[in-house]
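Note sheet for the following structure.
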Amino acid sequence: ALQAASEGGHLAVVERLLTSGANVNASPTWYKGRTALQAASEGGHLAVVERLLTAGANVNADPARDNGRTALQAASEGGHLAVVERLLTAGADVNAEPAEFDGRTALQAASGGGHLAVVERLLTAGANVNADPARENGRTALQAASEGGHLAVVERLLTAGADVNAEPAEFDGRTALQAASGGGHLAVVERLLTAGADVNADPARDNGRTALQAASEGGHLAVVERLLIAGAYINANPARGNGRTALQAASGGGHLAVVERLLTAGANVNADPARHNGRTALQAASEGGHLAVVERLQREPKRMSLRSGSHRGAAS
């Protein structure tokens, strides 16, 4: 009850529950759970945060295992500068580890939201600009800012020494360039390339994408063009699990203009699918019901391969 009232910013209810003996430090549920202080911080409810701290709330309580946030991480993600200031004053750990699954450090969280003022404050407080991402679906601060297309934050992080080629999280990770490319953020892509981003960095093992594969999957033709100019490998192998070549990715999304550009650049229409849950270009287009792409692929002179990691033919 206290967690719910804190999440909603209901100060009078919080007061009543505390008076009735509610546990101010009750543990969160393992999935997306929040302590009362984490919940209030996430919502930017400064008055509730103050009251909970007065009642003895643990400012550094561990986050829930899956998609959890410490109080400071939660406030940072929401861009709540006043709450961030209060938590730092109360001794919040600016470099607390992120949750194992889909977690973020405070700086990673603020960067992903594009909250420049909070980013500045956290850096001043000693936030590690190159903290490792969470193992699954994690992002470094620069990767998070790049994914959101937040150019001003990207600039600030690079100035602070962010590693432009930091490796992606093992599962569903992205380098900064891969993240920006997948979002179609051309200005960020340009800035990262200028900073030395590796246009051909390997994709994450599971559900990863190279920069070109990510841009192709999103149908971002201008980014595809820029990456090709920068030397992106047109036929880079897909990630082992749920991977796609650039052509397979574009075909699956029904992005005919990108498909045309990739074929012109020499994309292999018969490239093997990923080992797990892969698709050939024709299978991907067929699965999505993209008739124009299917017809374009069938016009290529080579006979289409129907082999896939899931033993699924294009006609099925």
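A Cβ is built for glycine as well, from the same backbone N, Cα and C atoms used for every other residue.
The repeat 'ANK' annotation in TrEMBL covers 1-29 (among others). Within the chain carrying the repeat 'ANK' (1-29), a Cβ under 8 angstroms from the stretch's Cβ atoms is held by residues 35-40, 42-43, 45, 47-48, 51-52, 55-58, 61, 63-64, 68, all 6 or more beyond its ends.
Confidence in the repeat 'ANK' (32-64), given as mean pLDDT, stands at 94. According to TrEMBL, the feature repeat 'ANK' maps to 32-64 (among others).
According to TrEMBL, the repeat 'ANK' annotation covers 67-99 (among others).
What TrEMBL records for 102-134 (among others) is repeat 'ANK'. Here the repeat 'ANK' (102-134) has Cβ contacts under 8 Å with residues 63, 66-70, 72-81, 84-85, 88, 92, 94-96, 140-145, 147-150, 152-153, 156-157, 160-163, 166, 168-169, 173 of the same chain, all six or more residues outside its ends.
Among the features that TrEMBL reports, repeat 'ANK' is placed at 137-169 (among others). As a summary of secondary structure, the repeat 'ANK' (137-169) carries 17 helix, 0 strand, 16 coil according to DSSP.
Residues or ranges marked as repeat 'ANK' by TrEMBL: 172-204 (among others).
What TrEMBL lists as repeat 'ANK' is 207-239 (among others). Outside the repeat 'ANK' (207-239) by six or more residues, the chain places 168, 171-175, 177-186, 189-190, 193, 197, 199-201, 245-250, 252-255, 257-258, 261-262, 265-268, 271, 273-274, 278 with a CB less than 8 A from a CB of the stretch.
Per TrEMBL, the feature repeat 'ANK' maps to 242-274 (among others). According to DSSP, the repeat 'ANK' (242-274) comprises 17 helix, 0 strand, 16 coil.
Listed by sequence, the residues of this chain that lie at least six past the ends of the repeat 'ANK' (67-99) yet keep a Cβ under 8 A from its Cβ atoms are 28, 31-35, 37-46, 49-50, 53, 57, 59-61, 105-110, 112-115, 117-118, 121-122, 125-128, 131, 133-134, 138.
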